[in-house]
Structure formats: C-alpha cells, structure tokens
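Here is what Swiss-Prot records for this protein:
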- His83, His182: heme b b562 binding site (BINDING)
- His97, His196: heme b b566 binding site (BINDING)
- His201: ubiquinone binding site (BINDING)
- 33-53: transmembrane segment (TRANSMEM)
- 77-98: transmembrane segment (TRANSMEM)
- 113-133: transmembrane segment (TRANSMEM)
- 178-198: transmembrane segment (TRANSMEM)
- 226-246: transmembrane segment (TRANSMEM)
- 288-308: transmembrane segment (TRANSMEM)
- 320-340: transmembrane segment (TRANSMEM)
- 347-367: transmembrane segment (TRANSMEM)
Amino acid sequence: MANIRKSHPLLKIINHSLIDLPAPSNISTWWNFGSLLGICLGLQILTGLFLAMHYTSDTLTAFSSVTHICRDVNYGWIIRYLHANGASMFFICLFLHVGRGIYYGSYNYLETWNIGIILLFALMATAFMGYVLPWGQMSFWGATVITNLLSAIPYVGTSLVEWIWGGFSVDKATLTRFFAFHFILPFIITALVIVHLLFLHETGSNNPTGLDSNADKIPFHPYYTIKDILGFIIMFLFLMILVLFMPDMLGDPDNYTPANPLSTPPHIKPEWYFLFAYAILRSIPNKLGGVLALILSILILILMPLLHTSAQRSLMFRPIGQCLFWILVGDLFILTWIGGQPVEHPFIIIGQLASIMYFTIILILMPLAGILENKIMKL
C-alpha cells in the first residue's frame, strides 16, 4: 500500500508542494523569505481575527475600542502589537523577497512575478486600510490625504473620492467600509498566494547562479523545512524584541490622539513601509504627475522582464549590474528617509534627485549595464 501522503487526494497536493518538492541544492537564505511571508500572513490573519472580536468600526467608539483591547482584554496589548509590528515584519520580508527576485532574475518566471506584483498591491491596500482603523489623528488624516489623491484623475476624480468616502469627507461610512475591506482582503491574498505557488511549482525555483538546476535537485523536506524553521525563529526573535521592548518604535505618536477633523497634524505621513513611494509622490509639484509617479514606482516592476538585456539571468556574475542594484537599494533608503521629513529645503531637492535616480537606474542604467556586460563577455 502506498504512503497515505502520496495517495490521499488532499495530502498529495501538500506533499508535492512542501515535502517531496524537488528544490535546487544551492538556494541560499534569500529563498527563505517566501515561507516567512506565509508565516507573517498566518500571524496577521490570526491576530487580526482576535482584534476584530473586540474592535468596533464606528467613529465614536473605534479609538476607545482599541484602548479597551490594550487595557481590558486578556493579552489584548500583545495581540494588538503583534498585529501592528507583524505588518512591519511582513513588509521587511516582502521588500527582501522582491529584492531577491530582482537580484537573481526571478522575474523571468512571468506568471509568478506578475501574480507577485498583484499581491504587493493587495498587501499595500490592506495595510493602508488597517492603518485607518485605530482612528487616531494620523489614521484620519492619512486616509484623507491618500484617498484625496484620486481626485487628481480628470473628470471622474471628485465623484470617485466621494464614492469611496461614502460622503463628503472621511467619516463613519469610510471607516466601516475600510474595516470590511481590511477583513476580507487577507483571505483574497491567501488565495492569490496559492496561485503564486501554483505558478512557481510549474517552473520550479530559480537559484543564485540563474542556471538550470534540473540536474541537481534535493527534496524540500527535510533540507529546506529545517532551514525555513531557522529563518522563522530568527524573524520571531526580532518581532518579539519589537513587540515586548519597543512596540511603538515604528508607529506614529500622533495616532495616540483621537481623530479630530478640525486639527491637522503638522506633518502627515503614512507608515514607514510606504515612505519611499510617498517621497516619490511629493517630489513632483503637480498633483496628477505625483499620483502617476506613485503608481509607476511599484508598477515599474512589471517592466523588469522586458528590461532584462543581459545574457545572464542572475546578477551573481555581473559586477556592473551589482553596483547599480546596491545603488538602487541605497536610493530606496534615502527615499524612505525623505518621506518622513517635512517638505522644506534641502529635503525637497534630495527627494527629487532620489526619485529621478530611482527611475533612471531601473529604466535606463540596468538595461545598458546588461548590454555592456554582454559586450565585455564577448571580448
């Protein structure tokens, strides 16, 4: 009789995805982040479910319901901070995962890459709506400013914004629908993750060299399960340090003030993981231009496979490409820093230069580096 994990219709799928999956023998720690993202998603759904049991999506009681969770609910404070800082860990893993994909040329798996970009947009939407729910000052004004960007769309913009708000300003209707969407989106994301994995398993994983690894495969379990567990322990350690020692480090102090439509905070900014895109948005003096740049800063990832000019898939043996990649990483750090600064000299010009640099590296310099490296290879 065959092993049940190989014969049972349901267990067979899990077996082929997580146990007997043939994996390249040389994938490094950079390949850990996919599983870590899965763990993060599970943690967010679980903690979010328990928070939703006590949260009320009403403008009059939302802020006090979050306070109630932290003060009166058994271990409510740890559930709340696990959820808030879990989102930060989620985005750290996400950026590293996407960075790995760019560095090692994983974007050449078109379906997997494009589903990944859809996932990225879905996660950003979910995180943004989640930030509105505690109904603090930054929640309210962040929601007002970001949703207001849609009014830049010609002709239909204003109607669209009022339709999203459910009125003439961010109010009770907005909060209620944001809570509904914030609750449902993670389950849609889970479905997309399954599709993401389905497409990945059609081709198999890429590896650091970017070469075909069919000649040298090893089973996923036990080799990579144990490696993923190590990654999970390290991530959980960092998360618990954040949650237990500095839970508010990545948050905004303004969010401890209940939302007040009559008082604008001196500096409105989103969560730290959106600051790079926010800096690109602010670097363009025109509203519509800024919104387009904001969308393109993420949508540019779709062009990655088209902009690949090198004969080699990975950046592992491409020194010029490597230099440009790490300059791009540095540029993203600068943009993140600028996004959190007030709009004044010298931050404006730094933000504009960093934004130009971001698009120039991806659209012009990286493809040119690929062509140049091809020519050097033929010498």
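Glycine residues also receive a Cβ, built from the backbone N, Cα and C atoms like all the rest.
Note that the structure is a prediction, hence the values are computed from the model and not measured.
Annotated features taken from Swiss-Prot, shown on the structure.
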residue : record                   : Cβ contacts under 8 Å, 6 or more apart
His83   : heme b b562 binding site : Gln44, Thr47, Gly48, Leu51
His97   : heme b b566 binding site : Phe33, Gly34, Leu37
His182  : heme b b562 binding site : Gly48, Thr126, Met129, Gly130, Leu133
His196  : heme b b566 binding site : Thr112, Ile115, Gly116, Leu119
His201  : ubiquinone binding site  : His16, Ser17, Leu21
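Secondary structure at the residue listed as 'ubiquinone binding site', taken from DSSP and collapsed to helix, strand or coil, is helix.
The stretch in 33-53, 288-308, 320-340 that contributes the largest number of Cβ pairs under 8 Å to the transmembrane segment (226-246) is 33-53. Remote same-chain partners of the transmembrane segment (113-133), defined as residues 6 or more beyond its termini with a Cβ less than 8 Å from a stretch Cβ, comprise 55, 57, 62, 66, 87, 90-91, 94, 98, 101, 106-107, 139-140, 142-143, 146, 174-175, 178-179, 181-182, 185-186, 188-189, 192-193, 195-196, 199, 270-271, 273-274, 298-299, 301-302, 304-305. Counting only same-chain residues 6+ beyond the ends of the transmembrane segment (320-340), those with a CB under 8 A from a CB of the stretch are 99, 102-103, 269-270, 272, 274-280, 282, 310, 347, 350-351, 354-355, 357-358, 361-362, 365-366, 369-370, 372-373. Classification of His97 (heme b b566 binding site) by DSSP places it within a helix.
If you look at the transmembrane segment (288-308), the same-chain residues 6 or more away from its ends with a CB under 8 A from one of its CBs are 98, 102, 105, 107-108, 110, 113-114, 117, 120-121, 124, 149-150, 152-154, 276-278, 280-282, 355, 358-359, 362-363, 366-367, 370.
Tertiary neighbourhood of the transmembrane segment (347-367): same-chain residues 279-280, 282-284, 293, 296-297, 300, 303-304, 307-309, 321, 324-325, 327-328, 331-332, 334-335, 338-339, 341, selected by CB-CB distance under 8 Å and a gap of 6+ residues from either end.
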